[in-house]
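Enquirer: Would you mind keeping the following structure in view while I ask a few things?
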Protein chains: 2
Amino acid sequence: MRNIKLTIAYDGTNYLGWQKQKQGPTVQGILEDVLRRILGHKIKLRAAGRTDAGVHALAQVAHFHTTSKRDLETIFRAVNALLPKDIAVLRVEEMDFKFHSQYHALRKTYFYQIYNHPIRNPVLRLYSWWVPEPLDLSAMRACLPYLIGEKDFASFRKSGTDLKSTIRTVYEAQIKRAVGMAHVIRFEITGRGFMRYMVRNIVGALVEVGLGRLSPEDFKAILEARDRSVAPPPAPPQGLFLKGIYYGKKWRAKDYAPKGVRP
Amino acid sequence: MRNIKLTIAYDGTNYLGWQKQKQGPTVQGILEDVLRRILGHKIKLRAAGRTDAGVHALAQVAHFHTTSKRDLETIFRAVNALLPKDIAVLRVEEMDFKFHSQYHALRKTYFYQIYNHPIRNPVLRLYSWWVPEPLDLSAMRACLPYLIGEKDFASFRKSGTDLKSTIRTVYEAQIKRAVGMAHVIRFEITGRGFMRYMVRNIVGALVEVGLGRLSPEDFKAILEARDRSVAPPPAPPQGLFLKGIYYGKKWRAKDYAPKGVRP
């Protein structure tokens, strides 16, 4: 039995998120179908983290087991040839059988794009949250230190979800103006792992601070309240991008897909 | 009778181009409908230049005549409230009655985006041409001087079109790596005006040079042949953006829409 790791980019616009479901197309569903056709048996993909409907990924990671003997380059070429254009496999790697895309992820990075201009931007509408009123970036940045460390993020969990623990570790968080994209503000966050809606809930609260409706101290108080009901609603999904997942040097693949391979 | 100038941004993905037609939705058709509802009478919009199906605009310009007395800010807010999210009016200006968006345009700038990487990019698929093989930018840049000046661009006109003249004036042309977007190459061209498909036909030929299938001398020979049949096929529409149109200082609007107005 082989253990194969995929690095995947997708535009979440036309999907009900990563996780397979009966109501409509999902990235997992499409990928499992394509892999089954290539490998000749049913495939169960496990992703590092699920993304919600409308959320994009620049480098999602998932793994699967297979008895197929097809070489990595063939899998790489065939999967990209059969996938729709809004999903691409960036890399196919042969891993130790113990490797698990979710359990062994050491760090995940997401970013969130805000288009901050009085008039909406038609070509960024699927890749950003349009906030027409000017945002005070200094006030927003003043909130960032409160996010760093091992904290109880219960205030930023998804409403109505039941979780064993709402404690998560955030390593880094920053707010920058995007290079080369006028009026785009990018919030980037790296942590051990995130709860569903956690990044979007943080962005929802940060934007309230940027608009002056909350102070950085209010933001701190919301976080410390550990109560979802005191935090503002989540930012919409289309601004969120899963940027990448880091596994550490332990999990070097035994065999990489050749660089520059063309699908 | 008033003469109103609109500056318009749109995502061309879901439209059959600018020009009104019966087969499906167009930017002109949608805008004329919305303006008619706001102003109470039928509106005829004239654009600086038509864009084809799938082509985007960051700042298209169009004008129309109206007997309505509605103030500019009301028009601005109402039109943006009624338009779909993939079209936005950036500015509404009151012009001298003689102003004509097409005849008085002094310069138009287009750019064309190429995603040059072995693996396709899902989130750029609607805004770039994916060219997987590496492009030689030096060879492509060596073609640019041939484009500058008043020339007969017959080789780059749309096949099967009948034009009074195929002579056009190009002022500037450059090729750059896009800032902040990895693997994106941007060709930007400014001229007095362009024929249909002219920019896409030029890009189609430049990419052949970048791939080493044609030399810069071949590019020069194609241009000098003044024969559409010797040039490569056009680049696809989704990489093309109408960036802006310049009218000169003569046509200062009498009254600007206030800056920072929110739709």
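Keep in mind that glycine also has a Cβ here, set from the backbone N, Cα and C atoms.
Straight out of TrEMBL:
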{"type": "ACT_SITE", "residues": "A:Asp52", "note": "active site, nucleophile"}
{"type": "BINDING", "residues": "A:Tyr110", "note": "substrate binding site"}
{"type": "DOMAIN", "residues": "A:8-103", "note": "domain 'Pseudouridine synthase I TruA alpha/beta'"}
{"type": "DOMAIN", "residues": "A:146-247", "note": "domain 'Pseudouridine synthase I TruA alpha/beta'"}
Enquirer: How many Å lie between the Cα of A:Asp52 (active site, nucleophile) and the Cα of A:Tyr110 (substrate binding site)?
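Expert: Cα-Cα, rounded: 13 Å.
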Enquirer: Within the domain 'Pseudouridine synthase I TruA alpha/beta' (A:8-103), what mean pLDDT does the predicted structure show?
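Expert: Result for the domain 'Pseudouridine synthase I TruA alpha/beta' (A:8-103): average pLDDT 96.
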Enquirer: Give me the non-local Cβ neighbours of the residue listed as 'substrate binding site': same chain, 6+ apart in sequence, Cβ-Cβ under 8 Å, ordered along the sequence.
Expert: A:Glu188, A:Ile189, A:Phe194, A:Val199, A:Leu240, A:Phe241, A:Leu242, A:Lys243
Enquirer: Tally every other Cβ atom lying within 10 Å of the Cβ atom of A:Asp52 (active site, nucleophile).
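Expert: Total other Cβ atoms inside 10 Å, all chains included: 18.
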